[in-house]
Amino acid sequence: MAAPILRGVREVMRLADFAPVPRRHRHKKKWAATEPKFPASRLALQNFDMTYSVQFGDLWPSIRVSLLSEQKYGALVNNFASWDHVSAKLEQLSAKDFVSAAMSHWELEAQSGHSTTPTYSPNLRCFTFARGDVSRFPPARLGSLGVMDYYLMDAASLLPVLALGLHAGDTVLDLCAAPGGKTLALLQTLCCRNLAANDLSTSRTGRLQKVLQNYVPQDIREGNQVRVTSWDGRKWGELEGDTYDRVLVDVPCTTDRHSLYEDENNIFQRSRRKERQMLPMLQMQLLAAGLLATRPGGHVVYSTCSLSHLQNEYVVEGTIELLANQYSIKVQVEDLSHFRKLFMDTFCFFQSCQVGELVLPNLMANFGPMYFCKLHRLT
């Protein structure tokens, strides 16, 4: 997977090697003094302009300006708080629960015989402002039950959890769980008999623990229901193979929107070029581990917050082929096209996505990017 990327880099370097310089004019460059020092966020934008203008064509200018504009957020209602009171307060702000609105509309169509009810994770309530409304939610507060009322997140981040289609009593693995928004959403479904939340980085699992402390009652956190670990996710298939009903694999990626705003710890820093080139390989290893940890008949959702097809469709297709060839495991991509119709009033979907679904940033609905694909392990 990484080989085509490396070959492309070498070709660009070859083309940039201009006519030879006569010996008398040669000198040793003083890199620190002469090389322009671009911030990582600027390098990220240059990279996106080069690659995404080809991938998205005429759509790229509108995606670009949306990525560089203020992001919209949703308010995920905490079911462990007084959720009905919290929902009423959010409605007073003229916000709408986009999940219940979409499902109510779909159920009306199902009753008229025009569609069937889709499979989705229950009990999730997330409020957003209407298209074009750039209002902000006030910061969450501690409620009367000792936990925070709601969690502010990119509302598109809820789609992978919805797509996972949890049922009551499921055993669930969140393989790359930090900083914790999707882990919290999994718990909000009230379906997890056991939830394993893992992230390799101990500092990031510290952030995850803080989210759980602020939003989840102590008896659930300290009981057998939630287990937080800091293991290498690539080895999970060896540690707990054929175990889980549902697995979420929200992999490390180029975090496209974040990379345009933050220079610290940015994947586009020159010192992290090799790490960035190897991302698709890491993503394949993590998805393969997630599928191996899933019991036959179980489901996995793979997700990123990147627009790159190298990190999205190519990873899914490569992993399916890998498992078929090396483990004789058959995996099938589930059709999620109904999500486009369900949530078209809230998100802007990329209509040409061939495998899985991709939410595009759009000035009228500036969520995402968020790619998600549902996989069914058949054997």
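Backbone N, Cα and C atoms are what each Cβ position is placed from, and that goes for glycine too.
Automatic, uncurated: that is what TrEMBL annotation is.
These come from TrEMBL:
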ACT_SITE  Cys305  active site, nucleophile
BINDING   Cys176, Ala177, Ala178, Pro179, Gly180, Gly181, Lys182, Asp199, Asp232, Asp250  S-adenosyl-L-methionine binding site
DOMAIN    65-378  domain 'SAM-dependent MTase RsmB/NOP-type'
Same chain, 6+ residues apart, C-beta under 8 Å of the C-beta of Asp232 (S-adenosyl-L-methionine binding site), given in sequence order: Leu200
Cα-Cα distance linking Cys305 (active site, nucleophile) and Gly180 (S-adenosyl-L-methionine binding site), given in Å to the nearest integer: 15
Lys182 (S-adenosyl-L-methionine binding site) to Cys305 (active site, nucleophile) - Cα separation in whole Å: 13
Other CB atoms, at most 10 A from the CB of the residue listed as 'active site, nucleophile': 22
C-alpha spacing of Cys305 (active site, nucleophile) relative to Cys176 (S-adenosyl-L-methionine binding site), in angstrom: 13
Number of other Cβ atoms within 10 Å of the Cβ of Cys176 (S-adenosyl-L-methionine binding site) across all protein chains: 23
C-beta crowding around Ala178 (S-adenosyl-L-methionine binding site), within 10 angstroms: 25
Number of other Cβ atoms within 10 Å of the Cβ of Gly180 (S-adenosyl-L-methionine binding site) across all protein chains: 25
